[in-house]
Structure formats: C-alpha cells, structure tokens
Amino acid sequence: MSHCKVPALIEAQVEMGSVNELEHKSLFRREEDDPTHTKAASLMEQGSLSPSFHEHATKSPKNSVIKSIKIVILSNKLNLLLPFGPLAILVHYMVDSKGWVFLLSLIGITPLAERLGYATEQLAFYTGPTVGGLLNATFGNVTELIISIFALKNGMIRVVQQTLLGSILSNMLLVLGCAFFCGGLVFHQKDQVFDKGIAVVNSGLLLMAVMGILFPAVLYYTHSEVHTGSSELALSRFSSCIMLIAYAAYLFFQLKSQSSSYSRLEEEANQNEEASGEDEDPEISKWEAIIWLSILTAWVSLLSGYLVDAIEGASVSWNIPIAFISVILLPIVGNAAEHAGAIMFAMKDKLDLSLGVAIGSSIQISMFVVPFCVVIGWMMGEQMDLNFQLFETAMLFITVIVVAFFLQEGTSNYFKGLMLILCYLIVAASFFVHEDPHQDGI
C-alpha cells in the first residue's frame, strides 16, 4: 500500500506544480499585457516609485493656512529680507528720505522675486507644458514688468528702457558668467558641454531682438525718417508686434515641434532631483499656488510704486547716475531667482538647464517684455519706442555678439565664465560714468 501511494503522491504533486506553473505563466502574461502595471512594478523595484504612486499622482497636497504660510514664507532664508518692504513704506511716510526708501524697497523686493518663481514652479506641476511655458513667460520676469509699467505710468520712458536693457545684459553676462565659472570650478578636470543646437537657436533669437532695437536707433541717428519724430515711433510699434508674434512662434516651436529636445532636459532635471533625494511632488496645492501668486504680485506692485518714485531722489542723494541705477541695480533684484538657479544647475553639471534659465530669461525680456511695454505704452498714450539710444544699443549689440561666440563651441569652463563676469564689470563701469542726455523724465 505504501509503495502504491508514493507514485500517486508524486503524480499529484506534479499535477499541482503544472497548475501553479500555468497560473504563474498566465499571471506573467497579464503583467506583460498591462504596460502600466509592469512599468510601475519596475519603478518600485528600482526604488524610484513608492507604493502610494497613484495617490501622489492624483491628489494634490491639502495644507492648512498655517502650514502653507510656513512652506512659502518660512522655508527660505532669503525671506529674512521681507520686513524691509514694510520698513520702506514706513520710512517713506515718516522720514521721506528717497535714498533709504529706494534701498529698502530694492532689498524688500528681492525675496518676493524669488518666491514668485517658486509659486510659478509649484503651479506648473498642475498644468501642461504649453500653459507652463506661458506661465514662465509671464511670471518669470514679472518683477521687471511691474517696475516697467509703474515707470511708464510716471512717464519715465528712459528708466523703462534702461531697466529692461540692464536685465538682458545681467542675464547674458553676469548670470551666465557665474554659472560657467562656478560649474567650471566644480568640474575643473573637464569642459562642461551643453546642447549646441538649442544654443544656436537662442543666439539667433537674441540677434533678432537686437535687430528690432537697432533699426529705430539707426533711423533716428541717420536722420532718414520720412516723418521726423513719428516714423521712428511707428517703426517701433510695428516691430514690437512682429517680435511678439515671433515670441509666440518660438513658444510653439519650443513646446510642440521640438518637444523631444526640451522633454529630455526635463528628464535630466528630474533625474538630478532624484539623485539629490529631493521630492518631486508639489508642496502646495494648485489653488494655494494661484493665491500666493496673486498676493506676491500685489505686494511687488505696491513696493514697485515706492521704488520707482524714489529713483530720481536716490540718484541725487547718492550722486549716482540714474542710468547706473536702472541698468545695474534694478535688474539684480529681478534676476535673483535666475542667478541662484543657473549656478545651482551648473554646479550639478546641468549646463543645458543653466542656459535655459539665463539665455531663456534674456529672450523673454527682449522678445516679450520689451515689445509688450511698447504696446502698453501705446495704449497709455506714452511714446515708448525701441530707440534705446546709441550708447545702450551698441552695448546690447556687442554683448549679444560676445555671448554668441562663447556659445558656438557647445562647451564651457571657468575661464569663459570669468571672461563674461569681467565683461559685465566693464559694462557696469561704463554706465557709472555715463550721463544720459535724454534722461529728462519723459
């Protein structure tokens, strides 16, 4: 009996094994048929996806008001400068010292510019790439845009032109130079590389912006206008509309036609964040990001009014040309977030992202903010044009040519960064000794 049971038992085990194997194979086929499940499983095995993946993907964080304030206001050391904003308003009404009001407003706006970038980044988690690109175009340089609109409202056209010019120069020379220099020091054994094709396209756009700004100035200084005084303004308004169309086409090209190149850059950024152990999930909800964007924009607008009103008084009390204040000091505030971001990416060997921050911001200002201010001035009845005068136009033209030469090889090192920084120091010194004959407040 025992000998008869053993083969039967073995046969039963074989049958059970074949059944289990069939079940295992069918289960394996189901996993193969479901690519989402397979992808999620493989990501969980790699440790890059937690079991609560679907929960994170579908739910946004719900924070209390106190927690939201703690995340946005108390999480950044730069926000220690926030009290300087209310202090500037107090000084304006109690002491009426234009120099101190300007300085305190300038310091108070600096953390607001950085927080605006943070809120825009959080909101971009909930939007598609097209909307995200438009958000970056709108809020990436919102500080310069608000200051420019307040200056236009006060009829300070030269301040608007010089502030926007200074922001372009600061991004191309100082921000990009510091990124190349710091990245080159960290990776001094090799040349860092970036996408040469994207850099060439960006250089071409900057040259187009220079063309739009150069021609009205050439028309004015050659005295070849058909209608003296009006042809230059008409050309500026027409060119501004063309530049806005070109910028819209650039956004479409960037986000649709060439989405593969830029999605690769996003993947590099995501891999960089994963390697550093950072959480990719949004920290605040969509509506919290919208509310914070509204609050920060309103606060920047309020301080910008005091800042613009104090420019001329600060120039007199400090004995500094208004051109130096407009071209050098004001853009440093608006570029605070870009400066930190470009350097951080360069030090992690992500030069494509650094160029996207520095050169991308210059393109936004030259192809979007400048012509937009011309259109806004047109609507306000102000004669804002693209004639940045001979000195400023020549400075912009030479800067774009220098940067284009530095980008043509597709490599960078600390020497190139140092050269760009030294070029910016020459620009700053030039505006410190430059007296603008057209700085008459109109």
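Counting starts with 1 at the first residue shown.
Each residue, glycine too, has its Cβ placed from N, Cα and C.
Curation does not apply to TrEMBL; its annotations are automatic.
Feature list (source: TrEMBL):
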DOMAIN    100-255  domain 'Sodium/calcium exchanger membrane region'
DOMAIN    290-431  domain 'Sodium/calcium exchanger membrane region'
TRANSMEM  78-95  transmembrane segment
TRANSMEM  130-152  transmembrane segment
TRANSMEM  164-187  transmembrane segment
TRANSMEM  199-222  transmembrane segment
TRANSMEM  234-253  transmembrane segment
TRANSMEM  289-308  transmembrane segment
TRANSMEM  320-346  transmembrane segment
TRANSMEM  353-380  transmembrane segment
TRANSMEM  386-407  transmembrane segment
TRANSMEM  414-433  transmembrane segment
Stretch of maximal Cβ-Cβ contact with the transmembrane segment (199-222) [cut-off: under 8 Å; candidates 78-95, 164-187, 234-253]: 234-253
Residues from the same chain, set at least six apart from the ends of the transmembrane segment (234-253), whose C-beta lies under 8 A from its own: 130, 133-134, 137, 205, 208-209, 212, 215-216, 219, 227, 363-364, 367-368, 370-372, 374-375, 378, 384-387
Residue distribution over DSSP helix, strand and coil in the domain 'Sodium/calcium exchanger membrane region' (290-431): 120 helix, 2 strand, 20 coil
